[in-house]
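To keep things clear, I will list the structure first and then write my remarks on it.
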Ligand code: SF4
């Protein structure tokens, strides 16, 4: 495999604490990729949806963003690793998010970063075939019946280490139940519910359901801490 043949459109690159899911509390480097056609109406990263040629910039511009923008820089896997070192990041856990990062073949990125001692996690909607390393932790946050018309893939559900589902109402839990029946995950896959936008009723429903089902609660710790 040629280690420099794939280039990745980077919308953001920063170090923080993972605030969601199984790795909550873990220091992590976030690599946000540009591009997503799924179209969730409540998406809080809509600036990542379009990968417009006129928004391509140098890496320095991406690193110096003071607010969310649709600007992106294109890097190879080795350039991503060089950027980690240039930034002096300490974390060894890398979260590849988006946008929809599964639009891209992430195997070269994994090859380069894992060889340098990093562990990878991908956060995906489950609507694209996964091209990740065997060691990558896969978090599927299934996006059902979204305007983009994409279906959640059974192979993504099977590969998931963790299924993290946003909930506000009972119908969201019913939809997850339906999905789990149609596309069963592997034994031992972690299932967590994440209340949408920290709404009290959503949180109450998620807590109640997690206790009843022995699932996990994911609370978006970073939003409570007011960090990125
Ligand atoms: S899949 Fe993720 S990035 Fe894409 S629209 Fe939905 S929430 Fe936003």
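The chain as shown is numbered from 1 upward.
In case you wondered, yes, glycine gets a Cβ from its N, Cα and C as well.
Annotations in TrEMBL come from automatic prediction, not curation.
In the three-state DSSP assignment, the secondary structure recorded for residue 18 (substrate binding site) is coil. Residue density at residue 18 (substrate binding site): 22 other Cβ atoms are found within 10 A of its Cβ, drawing on all protein chains shown. Positions annotated as substrate binding site by TrEMBL: 17, 18, 19, 32, 97.
Around residue 40 ([4Fe-4S] cluster binding site), a 10 Å sphere centred on its CB holds 18 further CB atoms from the protein chains shown. Marked as [4Fe-4S] cluster binding site by TrEMBL: 36, 40, 43.
Under the heading S-adenosyl-L-methionine binding site, TrEMBL lists 42, 43, 44, 99, 141, 142, 143. Within 10 Å of the C-beta of residue 44 (S-adenosyl-L-methionine binding site) there are 10 other C-beta atoms, taking all protein chains into account.
Neighbours of residue 45 (Mg(2+) binding site), defined as other CB atoms within 10 A of its CB across all chains, total 16. Here TrEMBL flags 45 as Mg(2+) binding site.
What TrEMBL records for 23-228 is domain 'Radical SAM core'. Along the domain 'Radical SAM core' (23-228), the predicted structure has mean pLDDT 95.
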Maximum Cα-Cα separation (Å), residues 17, 18, 19, 32, 97 listed as binding substrate: 15
Cβ under 6 Å from ligand 1: qualifying binding-site residues of 17, 32, 43, 97, 142: 43
Length of the line joining the Cα atoms of residue 143 (S-adenosyl-L-methionine binding site) and residue 40 ([4Fe-4S] cluster binding site), in Å: 7
Cβ-based neighbourhood (8 Å from the centroid) of the substrate site, residues 17, 18, 19, 32, 97 excluded: 16, 20, 28, 30, 95, 222, 228
